[in-house]
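Database features, via Swiss-Prot:
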TRANSMEM  33-53  transmembrane segment
TRANSMEM  77-98  transmembrane segment
BINDING   His83, His182  heme b b562 binding site
BINDING   His97, His196  heme b b566 binding site
TRANSMEM  113-133  transmembrane segment
TRANSMEM  178-198  transmembrane segment
BINDING   His201  ubiquinone binding site
TRANSMEM  226-246  transmembrane segment
TRANSMEM  288-308  transmembrane segment
TRANSMEM  320-340  transmembrane segment
TRANSMEM  347-367  transmembrane segment
Amino acid sequence: MTNIRKSHPLIKIINDSFIDLPAPSNISAWWNFGSLLGICLALQILTGLFLAMHYTSDTTTAFSSVTHICRDVNYGWVLRYLHANGASMFFICLYLHVGRGLYYGSYLFKETWNMGVILLFAVMATAFMGYVLPWGQMSFWGATVITNLLSAIPYIGTNLVEWIWGGFSVDKATLTRFFAFHFLLPFIISALVMVHLLFLHETGSNNPTGIPSNVDMIPFHPYYTIKDILGLFMMILILLSLVLFSPDMLGDPDNYMPANPLNTPPHIKPEWYFLFAYAILRSIPNKLGGVLALVLSILILIIIPFLHTSKQRSMTFRPISQCLFWLLAADLLTLTWIGGQPVEHPYVIIGQLASILYFLIIIAIMPLAGLMENHLLKW
C-alpha cells in the first residue's frame, strides 16, 4: 500500500514542499529566514484576528479600544505587543532574507525574485496601514504625510489623495478603509507566498557557492526542519524578550497621545523599518522627486538581475563585491539613523550623501565591480 503522504492529493503537495523536498546539502543559516517569515506571517494573522475582535475602527473609539485591549482583555497586552513587535521581527527577517538574496545571487531566479519584491511592497503597505489603526498622534500624522505624497502625481494627484481619504482630510472614512485593507492584505500575502514558493520549487534553492547543487541534494526533513526549528526558537526568544521586557522600545511615545488634527508633533516619523526610505524621500527638496526616489528605493530591486555582470553567481568568492555589499548595508543603517533625526544640519547633508551612495552602489559600482572581477580572473 502506498504511503498516504505520497498518494493523498493534498498531503502529497505538503510532502513535496516540506518533507521530501530535495535541498542543497550546504545551505547555511541565511536560508532560515524564509521559514521564519512564514511563521511571522502566521503569528501576525493569528494575533491580528484576536485583536480585531476587540478593536473598533471609529475615530472616536479606536484609541480607547486599544487601551481597553491592553487593560481589560485577558492577556490583551500580550496580543497587542506580540502583534506590534511581531511586525518588527517580520521586517528584520524580510531585510535579512532580501540581503541574503543579494549576496548569494538568488535574484537570478527572476520569477521568485520578482514575486518577492511584490511581497515586500504588500507587506510594507500592510504595515503602514496597521500603524494608522491605534489612532495616536503619530498614526494620524504619519497617515496624513504619507498619503499626501500621492498629491505629487501630476494632474490627478489631489483627486487621488481625496479619494483615498474618503474626504478632505484623514478622518473616519480613512480609518475604516485602512482597517478593512489591513485585515484583508495578509490573506492576499499568504496567497502570494504560495506563488513565491511555487516558483522557488520550480528551480530548487540556490546555495552559498552559487554552483548548481543537483548532484548533492538531501531531503528537507529531517535536516532542514530541525535547523529551521533552531532558528524559530532564537526568533521567539528575541520576540518574547522584546514583548515582556521592553514592549515599547521600537514604538513612538507620541502614539500614546490620541490623534489631534490641531496639534502637529515636532518630528513626524514612521516606524523604524521605514526610516531608510523616509530618509531618501526627505533628502530630495522637490516633492515629486522625493516620491519617485522613495518608490525607486524599493523598486530598484526589480532591475538587480539585469545588473548582474559577474561570471560567478554568488559573492562568496568575490572580495570586491563583498566589500561593496557591506558598504551598502552600512549605508542603509546610516539612512535608517538619519530618517529618525530632525531636518537640520548636519543630518540633511549626511542623508543626501547616503541616498546618492545607495543608488550609485546598486546601479553603477556593483556592476562595474563584477566586470572588474571577471577581468582579474581572466574570464
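Here the Cβ of each residue, glycine as well, is placed from N, Cα and C on the backbone.
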Would you count the other CB atoms within 10 A of the CB of His83 (heme b b562 binding site), including those on all shown protein chains? 21
Note: among binding-site residues His97, His182, His196, His201, least Cβ-dense neighbourhood at 10 Å is His201
Closest-packing stretch to the transmembrane segment (113-133), where packing means Cβ pairs under 8 Å, from 226-246, 288-308, 320-340: 288-308
For the transmembrane segment (347-367) against the transmembrane segment (288-308), do we get 3 or more Cβ-Cβ pairs below 8 Å once near-sequence pairs (under 6 apart) are dropped? yes
Are there three or more C-beta pairs under 8 angstroms joining the transmembrane segment (320-340) and the transmembrane segment (77-98), sequence spacing 6 or more? no
Taking only the CA atoms, the spacing between His201 (ubiquinone binding site) and His97 (heme b b566 binding site), expressed in whole angstrom, is 17
